[in-house]
Amino acid sequence: MTDRSTLRQAPGAAGTRILGVGSFQPEKIVTNDDLSKIMDTNDQWIRERVGIIERRFAEKDESLVDMAVKAGTAALADAGVDPSEVDTVILPNCTMPTQIPNAAAQVADRIGITHPAAFDLNAACAGFCYGIGVASDLIRAGSAKKALVIGAEKLTDHVDPVDRANAIIFADGAGAAVVGAADTPQIGPVAWGSAGEHVDLIYMRDDKWIYQEGQSVFRWATTQIAPIALQALELAGLEPSDVDVLIPHQANLRIVEAIAKKLRAKGAREDMVVADDIKYSGNTSSASIPLALDHMRKAGTAKQGDVVLAVGFGAGLSYAGQTFICP
């Protein structure tokens, strides 16, 4: 008889790393002037309050799953990984129109990933950092070998098109990363949590439209998120001065700048590159961090080997951050 008091465990990896990234945005560009034609707003007002110049809107027949497939396929190509090598698909999102079935299994099938573990993850705008943390831990535990993490959102399905407070902010898109094993850790531990006492600051109103208490969210994000970023650095054994690239969730340019200012006050370098992808992508929730990372790599502002600090925050209220080495 076998010893039933001790169960076999799968051998895990010593560390993990991001092997490649990819993204997708719809073709339709919506400028501030375009929005001013359907609501009481203007280009200057939007730029001053949230920093957005333009954003991308998906067409009616362009789904969250469609965008996720394109971003995931691009990430696999960037990583040089065949779909047959992937055994786990994690799809952070908060705008999938159906709870059953989930998006991840559909996306995996369309990409050509055969019978993976596949699940959606809803931590709203913190979702991508949650997803990377889960993928990294699964690989280190031996439960996965290669994971595809795709943050994808079609927020325009859930924003009242004439709501000036929200319609100017949210947009559509998808960003993805392939996570695999490494001899030495290149993804730091995730610093994450939630503040459920603030659940009413961002929510789905009438089961249709996203609503948020903008000023309250702004105050919370500008005071509470920098400490989470510092915690992520501490968990990884890093100092603020080690950070080459900072990618906060692209919620609002003023929030992004406030987080960067607080980190610089704690020792982050003046030449630390700070993502400002919101200017041309808008707020894409769980897609915003991988979209920004992919765009920065292509622009050369995030380079291979750079220490990247990512921090996401949003509805829940949920938050998460981690460091990783740029692929």
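Every residue gets a Cβ built from N, Cα and C, even glycine.
Just so it is clear, the model here is predicted, and its values are computed rather than measured.
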Residues flagged as region 'ACP-binding' in TrEMBL, choosing from 20-24, 250-254, 295-299: 250-254
Inter-residue Cα distance where the pair is His249 (active site) and Asn283 (active site), in Å: 8
Number of other Cβ atoms within 10 Å of the Cβ of Cys125 (active site) across all protein chains: 32
Inter-residue Cα distance where the pair is Cys125 (active site) and His249 (active site), in Å: 7
Cβ atoms near His249 (active site) (within 10 Å, other residues, all chains): 34
Within the region 'ACP-binding' (250-254), residues counted as helix, strand or coil by DSSP: 2 helix, 0 strand, 3 coil
